[in-house]
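K.L.:
Here it is: the structure, laid out below.
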Amino acid sequence: GRMKPVIVVHGGAGQIFKEQEKGCRSGVVRAALQGYGILKQGGTALDAVEQAVQSMEDDPHFNAGCGSVLNEKGEVEMDAIIMNGKNLASGAVSAVKCVANPIKLARLVMEKTKHALLTDRGAHLFAQAMGVPEIPGEKLITERSRERWKNHLEPDSNPEEFQKDLGTVGAVAIDSEGNVACATSTGGLSNKLIGRVGDTACIGSGGYADNCSGATSTTGHGESIMKVVLARLILYHMEQGMSPEMAADTALDYMMTRVGGLGGVVVVNNSGEWAARFSTKQMSWAAVKDDQLYYGICTGERHTKSVDEALASESEGF
């Protein structure tokens, strides 16, 4: 039976500042529409999530690729993962520098090596071997990221503030063959220690995809997400018969009560039901199903328009 394709993307949970809202909203919508375009032409869920995430990595509004936050030394170190629900194949990279699209490198790790995760220098050498163009680290740094880094260095800065602006980008999809996939990419936490790797690169935490149940991509406080293995936990709840929305809420509630962690998720199950849920103040998200686009940022916010209308108005921005 042919499935109706679905894609759901997020641009990170946390606090999105007013002047960033418009850019975040149009960024997730653009990513979702690009991924859906691939699915509509019969493309794979894997290609769709990779394209959606790449689109957000290239958008400086998000903490991934260009626009990533800086570590304690003022450098960009990025993590990414991609997973194929058909055979549980997965590829990830952590603490990578000087690459425009870590998600593409993660896909290469999945397809060109026997490994699931490459880190730091090894990932760099692998990128060179694969002919991935190296770009100067400064090219990934935006004025906004540098400002935040400087502010966090102030002696009276409050590290809890980091919790407020936790962008990670991600996508989940189901294609017309009924295969699911997930992809997640991030610059991590602002002013993190060198070599800090969060949930994003970890299978089952930053993302998980299994045709038997569905796919999920997470965002939020990485250390908390790792402690509860959030992505896999959501799929477990769906295996127990919960809807994507119920599974997401149950898992996010557990993370909050058990370890005090905030976050957000996008989920699709193997019958094409989807959800975008978060316990933070905000999470930019967008979904496309049945040629209808849905998107929002704040709790309870859900706009709808047809894909045709969205594509037409995309040129004018939102």
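Sequential numbering from 1, following the chain as shown.
Placed from the backbone N, Cα and C atoms, the Cβ positions cover glycine too.
Because TrEMBL annotations are produced automatically, they should be read as predictions rather than curated entries.
When I checked TrEMBL for this same protein, it listed these features:
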type	residues	note
ACT_SITE	THR168	active site, nucleophile
BINDING	ARG196, VAL197, GLY198, ASP199, THR219, GLY220, HIS221, GLY222	substrate binding site
K.L.:
List nothing but the largest Cα to Cα distance in Å, as a whole number, among the residues ARG196, VAL197, GLY198, ASP199, THR219, GLY220, HIS221, GLY222 that the record says bind substrate.
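P.N.:
Of all Cα pairs among the recorded substrate binders, the widest measures 16 Å.
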K.L.:
Just to verify a number: CA distance, THR168 (active site, nucleophile) to ARG196 (substrate binding site), in angstrom, no decimals.
P.N.:
15
K.L.:
Can you check which residue among the binding-site residues GLY198, GLY220 has the largest number of Cβ atoms within 10 Å of its own?
P.N.:
GLY220
K.L.:
Relative to the Cβ position of ARG196 (substrate binding site), how many further Cβ atoms are located within 10 Å?
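P.N.:
The answer is 17 other Cβ atoms.
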K.L.:
Identify, among the binding-site residues ASP199, THR219, HIS221, GLY222, the residue whose Cβ has the fewest other Cβ atoms within 10 Å in this structure.
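P.N.:
Output over binding-site residues ASP199, THR219, HIS221, GLY222: least Cβ neighbours within 10 Å is HIS221.
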K.L.:
In sequence order, which same-chain residues at least six apart have a C-beta under 8 angstroms from VAL197 (substrate binding site)?
P.N.:
ASP79, SER94, ALA95, THR119, GLY188
